[in-house]
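Enquirer: Heads up, here are the entries from Swiss-Prot:
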- 19-85: region 'Disordered' (REGION)
- 153-195: region 'Disordered' (REGION)
- 296-334: region 'Disordered' (REGION)
- 447-477: region 'Disordered' (REGION)
- 576-687: region 'Disordered' (REGION)
- 598-625: compositional bias 'Basic residues' (COMPBIAS)
- 706-728: region 'Disordered' (REGION)
- 899-932: repeat 'TPR 2' (REPEAT)
- 1046-1079: repeat 'TPR 4' (REPEAT)
- 1084-1111: repeat 'TPR 5' (REPEAT)
- 1112-1150: repeat 'TPR 6' (REPEAT)
- 1152-1184: repeat 'TPR 7' (REPEAT)
């Protein structure tokens, strides 16, 4: 090398070094800022808490560092000659015995014995840093950056001289890797030195958990990835630990010397022409920006790598512009480029030859290797237009290979694939020849495959398009032939053919992976023009393809229309032929009619002879029908086969897999019966269509069969059933009408009727029956019976197949006491809707009300031929009918039959259990409940029934009951679990186990939803009140008031007022009820409680006043009228009768009012009237228990103490009453059955009732001041006339709360 060349080379290198140094400083400042942001975010997530103090200290030190940059630049040369000792900042863990400092990393290896002696010092509460150490840190960073810059300069020059210009991107990456691996080499060569790391991120990464680590000094050993050196410096997983021995200055000098030696060795290797193996990680230093911290990659790595690439590209451009070569290896690179160009030319020639061969094979195998739809399958996504125009521009436009066949193309596919340029040329050749396919998605064996759309150029003529249309028609014909053949193939054969075609075409069409070169980034203007022309051609080709697709769709539609017309003509011809045959058969049967009195054998022979004669006389006619049927069957089979093949090919494997489990599910019993019924009807019609032989008999059954077979007109019922379906538009119109009609109702009946009649002209006919139904209801509420009947008749005439009209009409007649007319209406409705469950149940109950059990059983007998799965609800009503009639054995058989055939319906087991419980057969009831729980373990009511039964049969031993609670908790859903614990708490309360009851309430609170917690607090308050813990009960009521919804607040206020009354605070109770009158004005129970409060306090005048004020607001509350009747007994019988008559005008169906009328009749010794009134009371309100007790008293007065009350017990069992003052007085326990309460009432009546004669003798006028009856009769004076304060606590609670049991 000459002196001038060496001088120019050294001068250029100095200039480049200065520029690189300037750029590197700017980059370092940016990188440091970004690193600081990253460390702040990372440490906030890692440590949290008091990290802001550390961050402020770092910012302050950074400002000092920027001020000292100029001074440091001047001292760089001195630092290179005499480097200072740089020490990485560390966390200091001060041990009491020995000074052990851990730089950063994992603390899992510290011994447990050392934990107590380790003090973690981290800035304030978190960590601590020395300012001197931070200054050393900044100096250390600058020192290593300068070394890296020098290393970059040398390596860039050498690598640019050695490598080709086409591989600039690789060289940039190699330089980065060289620099990255240099540090690793330095660190690996020095076994006894500590790793001095840049601790911007790592200095705060300290694991919070400390596990066993043993330390030793003076020997090299590894324990759990812990290395200990001879110089006293140990490392844990690559992290240095200083044990206090050794000099850091000497180690740094050694490191610097070793780094300089490595640099010299790398330069010597480059000068010798050796290639650097980038796979070796020990060559160059690994920069901090690309490190991973605790598995998290640094965010600055991408920024630094981009900046380095830009700098290296600028250097290379400058080096290219220099006239003199930098290294003697430049000429060798030119030779290598020439050799590469020659090799590329040879490859292109070989590829052109392969293209010609492939095109010939492609044309020959297009018809063979097409899919079922005639479309080639290619296992890749479609290439974008940019990729077709210039495939070497960007890899983002390249087609993506299919993931389904990734195992086939996973290796080096250079031999199996062709170049992208050849692929583009092949597409152009295909467009010029016109051999293209439409782009479509076709489902192959392994998934969706794309077939490319290679369209002809814009220069194609109309003749060419016509030829293409003809080719497509030919292909369709070939497809039809192929599909007919493919039907008879097995699924495996079809799969094999599809996969073979796919594998063949994928090797031809699939492009290889694209390798980008740097020359492709620079495009000539000529190439750009070519790209624009190609894009324009592609757009025109797309438009042309759309036009062709539209033409093909129009042709397909025309063909389908022609096929439909032909099918219709064939069907018409068949119908005409059938009609002619039927007419001929009828004429011949009329001739043979006199021979009808012969035996059945002769009649069959005659029919056979007639059929033979008909077949002989018309052989051609029969053959024609058979041929037509055969052709129809063949066409139908072909269509079905084509559809099956298309669906199998178009559906993806995932969809087929999702459909397979649905097909494998067994059909339900209802579906099986429907399938059998449809199969039978289809078989009958197919046989008649194929044979055209109708065996005609003159019986009525055969005539009905002929009407169904000959497709005669449907009966009028069927024509009107089609009108039941209402469109969404008609429903929306009806909703709009109802809103306006409700507003017109308030103005009056006439205005509403006028509006309704006007709306009939606008509304559709399908909705007219609903309008008439609303008008009938309005007339009924206005007590216009005649008008209501007219409208109901209009409803039943327009839509007789809707049960709602019949039910409303029958209910109106029943309300007016016309039971016979109601019966006729229900019978007429069942003729039109014979198997409607609501009509059947209503009819059965009405027949039972009329004491016509035979009529009810006759209605049930109609269901004999019907499926149990459609009529099981009506059958269950029949079982309840027999149970109410006292036929217990028949009812048990019916329920047993239902439990066998409908085991999945829980209410069947519930009704069967109630039947056995009413009969006091508790063991049978338990067996039924357990059987039901086995079939449906998540049905909650059965679990509550089981708890009730086990508590009844426990006799104080609750082990089985508690086991049932645990079973129920595991079986039911979480929404019901809190109710199980609530019931368990009440069970424990009744057995006097308050601790267990409170524990169960606590569990109920834990599992109860927030909107229902008030019920648990209310139940707990009632429990504490029964235990006379009034303070705790009051607190729980307050808690319930806080959480109860506003709509149910009145219930909690009632509980609060009763609690204060029980505690003796009557005035406070009155104030609470007054507040409840304002908040819950619509709740009549609040007003009734005010009346009862005054009655219990013996303030009868105030009670009468409260009752009259309450009736002004709630005139429809029967219990308020009953209380007013009781209070007017003090004023005499006449006043009582006047109130009774007035009450019947407002509440004619109130059982409480009729019961008070019966008491008035009993006091006046009018026993017949009393019995009649009590029957009304039981009929209208069967839940009111006082009616049954008064009826029992009437029976004892008439028939004596030894009277038979079995019918009364059965009546009481069927009604199952649950409230009433006298009823609750006779109830000993909540678990008592209706029969047990009635027996208790009889005992009390016999003990307290005097004989009838004495009763009549002692009846005096002054007894009118009594409540009901004399003192010796069980009457209300036991409840009210006694002083409330003199009662026991149990009697007070019974009088206060009555039947209001808190239920979950």
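The backbone N, Cα and C atoms fix where each Cβ goes, glycine too.
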Enquirer: Going by DSSP assignments with H, G and I as helix and E and B as strand, what are the residue counts for the repeat 'TPR 4' (1046-1079)?
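Expert: Result for the repeat 'TPR 4' (1046-1079), in helix, strand, coil order: 31 helix, 0 strand, 3 coil.
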Enquirer: Are there residues at least six beyond either end of the repeat 'TPR 5' (1084-1111) with Cβ under 8 Å to its Cβ atoms? List them, or say none.
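Expert: Contacts of the repeat 'TPR 5' (1084-1111) (Cβ under 8 Å, skipping residues fewer than 6 from its ends): 1050, 1053-1054, 1057-1058, 1061, 1066, 1069-1070, 1073, 1076-1077, 1117, 1119-1121, 1123-1124, 1127-1128, 1130, 1280, 1283-1284, 1295.
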Enquirer: Over the span of the repeat 'TPR 2' (899-932), count residues by DSSP class, listing helix, strand and coil in order.
Expert: 27 helix, 0 strand, 7 coil
Enquirer: What is the pLDDT of the repeat 'TPR 7' (1152-1184) when averaged and given as a whole number?
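Expert: A mean pLDDT of 93 is what the predicted model shows over the repeat 'TPR 7' (1152-1184).
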Enquirer: Could you break down the residues of the repeat 'TPR 5' (1084-1111) into DSSP helix, strand and coil, giving a count for each?
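Expert: Helix, strand and coil residues of the repeat 'TPR 5' (1084-1111) number 25 helix, 0 strand, 3 coil.
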Enquirer: For the repeat 'TPR 6' (1112-1150), what does DSSP give as the number of helix, strand and coil residues?
Expert: 30 helix, 0 strand, 9 coil
